[in-house]
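Q: As listed in Swiss-Prot for this protein:
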- Asn127, Thr177, Lys181, Arg298, His330, Ser382: substrate binding site (BINDING)
- Lys179: active site, proton acceptor (ACT_SITE)
- Lys205: N6-carboxylysine (MOD_RES)
- Lys205, Asp207, Glu208: Mg(2+) binding site (BINDING)
- His297: active site, proton acceptor (ACT_SITE)
- Lys337: site 'Transition state stabilizer' (SITE)
Amino acid sequence: MSNSVEERTRIKNERYESGVIPYAKMGYWDPEYAVKDTDILALFRVSPQPGVDPIEASAAVAGESSTATWTVVWTDLLTACDLYRAKAYKVDAVPNTSDQYFAYIAYDIDLFEEGSIANLTASIIGNVFGFKAIKALRLEDMRIPVAYLKTIQGPATGIIVERERMDKFGRPFLGPTVKPKLGLSGKNYGRVVYEGLRGGLDFLKDDENINSQPFMRWKERFLYSMEAVNRSIAATGEVKGHYMNVTASTMEDMYERAEFAKQLGTVIIMIDLVIGYTAIQSMGIWARKNDMILHLHRAGNSTYSRQKIHGMNFRVICKWMRMAGVDHIHAGTVVGKLEGDPLMIRGFYNTLLLSELAIDLPKGIFFEQDWAALRKVTPVASGGIHCGQMHQLLDYLGNDVVLQFGGGTIGHPDGIQAGATANRVALESMVIARNEERDYVAEGPQILLDAAKTCGPLQTALDLWKDITFNYTSTDTADFVETPTANV
């Protein structure tokens, strides 16, 4: 080999191109790529900066979420770089927009540690959302291959086993959040739990921010709550539960609280989304080993899931949480006070409940998904709902859901037990009408009025809340069809 600089440079350039070159040219754009069954697929909504080609922007997302950095590095030659590069293989304009694009990206399964939501997310959403060439970026959907799902535990209990444990079949579960969420003493807290369960509810729950504050420490809350559960079971003959929030500052504290809850005899514990993916997976594994139902409150999700052009769609969180091992997750109400377009909510529920998903663009489902026998997650509908909406809730959300009437139980003028009874009677009257094949949606208001003739608490609730609703336009709506975004 010649020792001249020119000759060494020529040979190097034939083998390896250095410097800053476009991501698309580096191999992160491949429109001919044949997607493998084992690939992890992601769909991003990409909003490039003015002047940035959408294909180059999509290739940049693929590169920065897999193996690339800002310049070519020679150590690529020490890896199977052609295999490990993520490939943007399809870029489509988003309907009815001028500067948004759907980028389909494939990742080889070997890029990810088996069974680790933390590692999966570190690549997919780890760094790329701050990329300057893109003014906004949103992760809309993912396909997780069966080969990867087989390394994941999935829900600790699942809805089928939960129904068997709770002895509740043929209708939604009922349960509100204790209100006010903060400030009650342990004894008063337990009284709220007892009254709600005694009145006919299946569950009560802690709220997301009740942990162990000076006005009520966690152990005090657990003791009074379980006393209430046991007394209500004795009084009604029904299986009851209370979601005990074990969220804490360390895993050691969470395990301690969960173990104490188990010793008290609870059938369900609760955690918050804000504890993080590793902590959620860890608690899912604990719950499976200890035959415990695991409820997840989605606290904090709207900071990144609500806006349409940046962040992450809630359906992706649903997929990750089904993998992580939770049994419940709040997933929207349609008619309540929180964000919820009807088609988007249906897509979330399908993601949590179906064994296989087909592509359904109006509901925001971009990929087929085989869940590989992972158990089903029960969606939770909570926030601004009341018994006067029971026909709508049953129609939109179906049987497999927890309907949580917090203010709609505890705000009843005649007390908590009356509020619980109103909700139970409203639900059972609507389920009976449905099972009789009546048009319970159209007849819903009259069905409730008829039931109220023999249930004073229901009549009082209907008189109080009437047809109150939170009629605001949703921010996260379908891209492929027009959809009613306000409550209907």
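One is the number of the first residue shown, and numbering goes on along the chain from there.
A Cβ is built for glycine as well, from the same backbone N, Cα and C atoms used for every other residue.
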Q: If you measure His330 (substrate binding site) to Asp207 (Mg(2+) binding site) at Cα, how many Å is it?
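A: Spelling it out, the Cα of His330 (substrate binding site) and the Cα of Asp207 (Mg(2+) binding site) are 12 Å apart.
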Q: Give the number of CB atoms, excluding that of His297 (active site, proton acceptor) itself, located within 10 Å of its CB.
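A: Around His297 (active site, proton acceptor), other Cβ atoms within 10 Å: 26.
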Q: Given a 10 Å Cβ-Cβ cut-off, pick out the one of the binding-site residues Lys181, Arg298 that has the most other Cβ atoms nearby.
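A: That would be Arg298, with the highest Cβ count within 10 Å.
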Q: List, in sequence order, those binding-site residues among Asn127, Thr177, Arg298, Ser382 whose Cα sits within 10 Å of the Cα of the residue listed as 'N6-carboxylysine'.
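A: Cα within 10 Å of the residue listed as 'N6-carboxylysine': Thr177.
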Q: Whole-number Å only: compute the distance from the Cα of Asn127 (substrate binding site) to the Cα of Lys179 (active site, proton acceptor).
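A: Roughly 39 Å, rounded to the nearest whole number.
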Q: Quick check: in three-state DSSP terms, what is His330 (substrate binding site)?
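A: Note: His330 (substrate binding site) is in a strand by DSSP.
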Q: Give the sequence-ordered set of same-chain residues, not counting Lys205, Asp207, Glu208, with Cβ within 8 Å of the centre of the Cβ atoms defining the Mg(2+) site.
A: Thr177, Val178, Lys181, Asp206, Asn209, Ile210, Tyr243, Asn245, Met270, His297
Q: How big is the gap, in Å, between the Cα of Asp207 (Mg(2+) binding site) and that of Lys181 (substrate binding site), rounded to a whole number?
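A: About 6 Å separates the two Cα atoms.
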Q: Suppose we draw a 10 Å sphere around the Cβ of Thr177 (substrate binding site). How many other Cβ atoms does it contain, all chains included?
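A: Result for Thr177 (substrate binding site): 25 neighbouring Cβ atoms inside 10 Å.
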Q: Whole-number answer please: how many Å between the C-alpha atoms of Lys179 (active site, proton acceptor) and Glu208 (Mg(2+) binding site)?
A: 12
Q: Here the binding-site residues are Asn127, Ser382; which one has the lowest number of other Cβ atoms no more than 10 Å from its Cβ?
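A: So among Asn127, Ser382, the binding-site residues given, the one with the fewest Cβ atoms within 10 Å is Asn127.
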Q: Which three-state DSSP class does Ser382 (substrate binding site) fall into?
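A: The three-state answer is strand.
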Q: Pick out which of the recorded positions Lys179, Lys205, His330 has the most other Cβ atoms within 10 Å of its own Cβ.
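A: Sorting the candidates by Cβ neighbours within 10 Å, the top entry is Lys205.
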Q: Quick one: Cα separation, Ser382 (substrate binding site) versus Glu208 (Mg(2+) binding site), in Å?
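A: Cα-Cα, rounded: 12 Å.
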Q: Need one number for the substrate-binding residues Asn127, Thr177, Lys181, Arg298, His330, Ser382: the maximum pairwise CA distance in Å, whole number please.
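A: Pairwise Cα check on Asn127, Thr177, Lys181, Arg298, His330, Ser382 gives a maximum of 36 Å.
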Q: Please report how many Å separate the Cα atom of Arg298 (substrate binding site) from that of Glu208 (Mg(2+) binding site), as a whole number.
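A: Cα to Cα, Arg298 (substrate binding site) and Glu208 (Mg(2+) binding site) are separated by 8 Å.
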